[in-house]
């Protein structure tokens, strides 16, 4: 069995042409792997009560499709030499978009659905439950801010933009409890779950779960990335409901991107009757050295598409990271036409690149999970365009260093939207690095700041080791604070640090 699996895996990884005998063997092994997987999925399905089978069967069909494509893939999905220069007009500069007139906005918003990707947990920041319920500012969570933004839109323009949350089996139950508190607001909230796929044993290439009791064997299952949005949205029935209501576009973004608010100028561009309608819009922004790993927009086989670092041949990684060769990166703020989503799902023409994610379970078992990214579907739509948006539309909170920025006086809050302080002389945000050992978890992070420092004039902050901050601290220019192992640094209340390096030991004790 092990040698057979080795063949499957080496075959999957190989990019070279193989002699015909070896190729025939690999074809046979591939068919065998798929056949054995189908038998296992059938066995899992038969363990379910009849009424639950159709839904799970749909999800398994999607999984089987992913798995067979995974077996068929031969090396990087992009031939580097085939990448074409971005054509004129492929990426529109945001500053050239016109602002719609107030009397028109009400009708425009009636055509819109807002979708937030809400499948992630807060574990990387040391929090339990969905990431969307982490408090980010004024005791408000990501979800609170999203709800405030859309309720404000609905009240201001007397419309009814619905909010749709794509949950995963990890976040659904907790999210359902939380959204009850929004019942009295002027806002319709809909939820649906992305698929639930079985993890695959890396050696045998067979599903890990023994039955379909997901909650009792949660480690054996995974949500297959946000590229699953299109199929799951279609399967939920919500897509058809919104099309019937006369809505035409959805705006999709990550719930932890606090810059991803509904933009009326982009919506106006999409609904402009004088322009050939774009089925898919990707918001991109100028790449800086901090974003070199982010996906970028390329022209390939005469279509715009997303290029992720995982698709790049090793010898071209440096080219991919180059800020001069690839100027933009994907913010994952996307706009897609609803009837076009329906078409590509029903035609089965969604062929997004597969991301192979290797994991080890608690018991040491090595597994793979097959995922796709929502932006990778761009090439499956007609008339895709990029819009080069200001950096302010990309404000993700992935780490506590991001949280420090959004909790600080760099921003103020207006109806759920973060607005950068006019006192900041330049629009870029400071570069902040906080040491993982003492700052990675939200609770630890909050305990180290009596109050969040003044960051208005900060360019760069690096903090490493056992460091705490008193009240009313002000940080300006470049500040580096390093407490070596066994040392501790207490920055005193009211301290002003401007272009300073602080190291060694500094203790402030109450007496």
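Glycine too: its Cβ is placed from the backbone N, Cα and C atoms.
On its own chain, residue 256 (UTP binding site) has 120, 131, 132, 142, 396, 397, 398 as residues at least 6 apart in sequence with a Cβ closer than 8 Å to its own Cβ. Here TrEMBL flags 131, 194, 225, 256, 398 as UTP binding site.
What TrEMBL records for 226 is substrate binding site.
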If we count other C-beta atoms within 10 Å, could you say which of the binding-site residues 131, 226, 398 has the fewest?
398
Residues that sit under 8 angstroms from residue 194 (UTP binding site) by C-beta distance, when 6+ apart in the chain:
119, 166, 167, 168, 223, 224, 226, 228, 229, 232
